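Peer 1: From TrEMBL, here are the annotated features:
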DOMAIN    17-223  domain 'ATP-grasp fold succinyl-CoA synthetase-type'
BINDING   Q35, G68, R69, G70, L124  GTP binding site
SITE      E57  site 'Important for substrate specificity'
SITE      D125  site 'Important for substrate specificity'
BINDING   N221, D235  Mg(2+) binding site
DOMAIN    285-404  domain 'ATP-citrate synthase/succinyl-CoA ligase C-terminal'
BINDING   N286, G343, I344, V345  substrate binding site
Amino acid sequence: QTCDGRTVQLTPRRWLNLQEYQSKKIMADHGVTVQRFFVADSANDALEAAQRLKAKEIVLKAQILAGGRGKGIFNSGLKGGVHLTKDPKTVEQLAKQMIGYNLSTKQTPKDGVTVKKVMVAEALDILRETYFAILMDRACNGPVMVGSPQGGVDIEEVAVTSPELIFKEEIDIFEGVKDHQALQMAKNLGFQGSLQQQAADQIKKLYNLFLKIDATQVEVNPFGETPEGQVVCFDAKINFDDNAEFRQKEIFAMDDKSENEPIENEAAKYDLKYIGLDGNIACFVNGAGLAMATCDIISLNGGKPANFLDLGGGVKEAQVYQAFKLLTADPKVEAILVNIFGGIVNCAIIANGITKACQELELKVPLVVRLEGTNVQEAQRILSESGLPITSANDLEDAAKKAVASVAKK
């Protein structure tokens, strides 16, 4: 609610997906030091890029969103999505076995993801790895710098095993990162001599980037130093504020949806969050936590969820209709479980959407509905007077049992 009493509804969207080269370009454009690199979408372009780099050693990286590239396997037979070489000709040969082929890693679907681009970068030796991040912290009501001299590893692990090696510094949103704060953080990270000032300059540039692109988090791991005495951001993860999309159009236009399932892209058009699973009971829920709980309770009662579909808070009738359209289009779905807890959500809107969808889409599978919260009596009246074969449930446990039983009858 705003200070003048108006209620504003924000509909969160899924995370923005940027490829590694896109994140590195954003950083370089803001004066942050990254490895020199080029992007290629053919083996010939990769060769030219490697020659233009004039580097002692080159790193070739397949560009996909999934992690675990280094240990991945291509359907061309090539092992590894990250390769080091000193010979530009080898870059060309490797790129031929990467571009246009599928790379499978622990995080991709079974058949892998098609590699359309590769990043050809200057390989730099890392003398020392540190960790640095800027993020929005609710407890501090603003941005916070977090750093550790132990980088290149899981920072959560460092926080548990060596909490004294985690340094935190609040940033005044009006004044920004002060010189003494940046220098102190550089010192905490273990940079010495002239590298201390260089690291402090990079920290200030990273904060400038954080502000300019409306980030909620900029995490650099490792934030390292080279034997040549250079401070470099070797790898970074950037999260963006979805509510700033209207003024970050260029960045949001980079969103890479090519690795999503087509049904996920279709769901995103209607601000629905959809993740396909391998079961046969479709879940239609508001709120990510409730969606996960619904999937769990279906499994506990011997069923298998077919998906994770989160309606979010600002639900409209049209979204309910589109959600049903997506669920019924999946041939695996043998039953639908609707589990709505109406806080912000008006249950009557859900009920109207359900009846419209059932009538127009001629629903052929059992439908179990559990509604609770805002305007629930009106919602139950709408459903009971619809004349549709809808099974009502008293609570989540009851709903899960009825959904699993409806599939078992088949």
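The first residue you see is number 1, and the count goes up from there.
Quick reminder: no glycine exception, Cβ is built from N, Cα and C everywhere.
Caution: TrEMBL annotation is automatic and unverified by curators.
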Peer 1: Let me know how many other Cβ atoms fall within 10 Å of the Cβ of N221 (Mg(2+) binding site).
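Peer 2: A 10 Å sphere around the Cβ of N221 (Mg(2+) binding site) contains 21 other Cβ atoms.
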Peer 1: Could you tell me the C-alpha distance between I344 (substrate binding site) and D235 (Mg(2+) binding site) in angstrom, no decimals?
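Peer 2: Roughly 39 Å, rounded to the nearest whole number.
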Peer 1: Out of these recorded positions, E57, D125, D235, which one has the fewest other C-beta atoms within 10 Å of its own C-beta?
Peer 2: D125
Peer 1: List the same-chain residues at least 6 positions away in sequence whose Cβ sits under 8 Å from the Cβ of L124 (GTP binding site), in sequence order, or say none.
Peer 2: Q35, T226, Q230, V232, F234
Peer 1: At the level of the C-alpha atoms, what whole-angstrom distance separates D235 (Mg(2+) binding site) and D125 (site 'Important for substrate specificity')?
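Peer 2: Rounded to the nearest whole number, the Cα-Cα distance is 14 Å.
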Peer 1: What is the total of other Cβ atoms whose distance to the Cβ of G68 (GTP binding site) is within 10 Å?
Peer 2: 14
Peer 1: Which whole-number value in Å describes the distance between the Cα atoms of G70 (GTP binding site) and G343 (substrate binding site)?
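Peer 2: The separation of the Cα atoms works out to 45 Å.
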Peer 1: By DSSP assignment, list the helix, strand and coil residue numbers for the domain 'ATP-citrate synthase/succinyl-CoA ligase C-terminal' (285-404), in that order.
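Peer 2: Its residues divide into 58 helix, 24 strand, 38 coil.
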Peer 1: Whole-number Å distance between the CA of G68 (GTP binding site) and the CA of V345 (substrate binding site)?
Peer 2: 39
Peer 1: On a count of neighbouring CB atoms within 10 A, which of the binding-site residues I344, V345 is highest?
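Peer 2: Checking each of I344, V345, the winner is V345.
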